[in-house]
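Scroll down for the structure; my scribbles are underneath it.
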Amino acid sequence: MGVTSTAPHLLRAARGEIVDRPPVWMMRQAGRYMKAYRDLREKYPSFRDRSEIPEVAIEVSLQPWKAFQPDGVILFSDIVTPLPGLGIEMDIAEGKGPIIHAPIRTQAQIEQLRPLEPEAALPFIKTILQALRQEVGHQSTVLGFVGAPWTLAAYAVEGKGSKTYSIIKNLAFSEPAILHQLLTKLADAIAIYARYQIDSGAQVVQMFDSWAGQLSPQDYDTFALPYQQRVFQQIKQTHPDTPLILLVSGSAGVLERMGQSGADIVTVDWTVDMADARARLGKQMKVQGNLDPGVLYASKQFIRDRIIDTVRKAGNWGHILNLGHGVLPDTPEENVAFFFETAKQLNVLV
């Protein structure tokens, strides 16, 4: 552990230190709302190229850093990026998300999956993270991220995103032993991948269990929570000082369960009032969030008022200011700039 005072702002807050204002970053802060990103996309139309060619992914990751100086700079990637390393071939269709060419639905397919070897399968991740650390130094915190077992299983089994998750739920409720095998293999691969990101330079790691909010609480306890715990426990065994964040979309019904995952920080979405989230999670749990991304369509006064309201409700400890999910593609770029400007002045405004 380095001298604390040189640690960047977000990392200090994520460790539970008292800071003068909540650190701020934004999910999907590198993305389509930025003209610089859209220009680069014309040159590199394939998402996999943009996220797997190191110099391109480095440039994209740093676009919001150069524009807004957020307290966190996150790796530009996708949660399905490690799947080919297990033998699950995929592509990422523009505007549609991941597509798995041969969905995993049988015992035989699961048995054929191989352990993840990130040095061989994902060497570009190390190059990108090392470059981000070098670029931002102590001025910002470099974040890595991974998908959670349930959510990666949902993509692998469904073959793509879904509104109903009927195929994976059919598997979960009809042949649970098969799904548990897949979830176990995914959890172990995700833990290996997260450790690799930390070893490559990630200072904080967020795990996205985007689709776990589609589960009833009792099914969350069976198919999501134990595997979140498995991932976090394995990371903590080797990297006990790296703060870990958990996100579940539509998490209002499972918020307390998220607090049992082993995460250090729970991302709260906008369907839960931040004051209620604080009360439900308890004083020891740190939180991230939770503005509705739609707020960024509004007037500057409205945006400022919502930021101040969120920060007041979160209190003066253990809060990372963020949206409740990713910034929307048609958000006015100047409103994102204003969001960051306001966030940087919170020690005066609140």
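Any Cβ shown, glycine's included, is placed from N, Cα and C.
Remember, it's a predicted structure, so these values are computed and weren't measured experimentally.
As recorded in Swiss-Prot, the features of this protein are as follows:
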| type | residues | note |
| --- | --- | --- |
| BINDING | R28, Q29, A30, G31, R32, D78, Y155, S210, H325 | substrate binding site |
| SITE | D78 | site 'Transition state stabilizer' |
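All features noted in Swiss-Prot, drawn onto the structure.
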residue : record                             : DSSP (3 states)
R28     : substrate binding site             : coil
D78     : site 'Transition state stabilizer' : coil
Y155    : substrate binding site             : helix
H325    : substrate binding site             : coil
Cα-Cα distance maximum in Å, computed over every pair in R28, Q29, A30, G31, R32, D78, Y155, S210, H325 that the record assigns to substrate: 23
Listed binding-site residues (R28, R32, H325), ranked by Cβ neighbours within 10 Å, top entry: H325
C-alpha spacing of D78 (site 'Transition state stabilizer') relative to A30 (substrate binding site), in angstrom: 12
Residues near Y155 (substrate binding site) in space but at least six apart in sequence (CB under 8 A): I79, V80, L83, M90, P98, I100, G147, G161
Rounded inter-Cα distance in Å - H325 (substrate binding site), D78 (site 'Transition state stabilizer'): 15
Most Cβ neighbours inside 10 Å, all chains, among the recorded positions A30, D78: A30
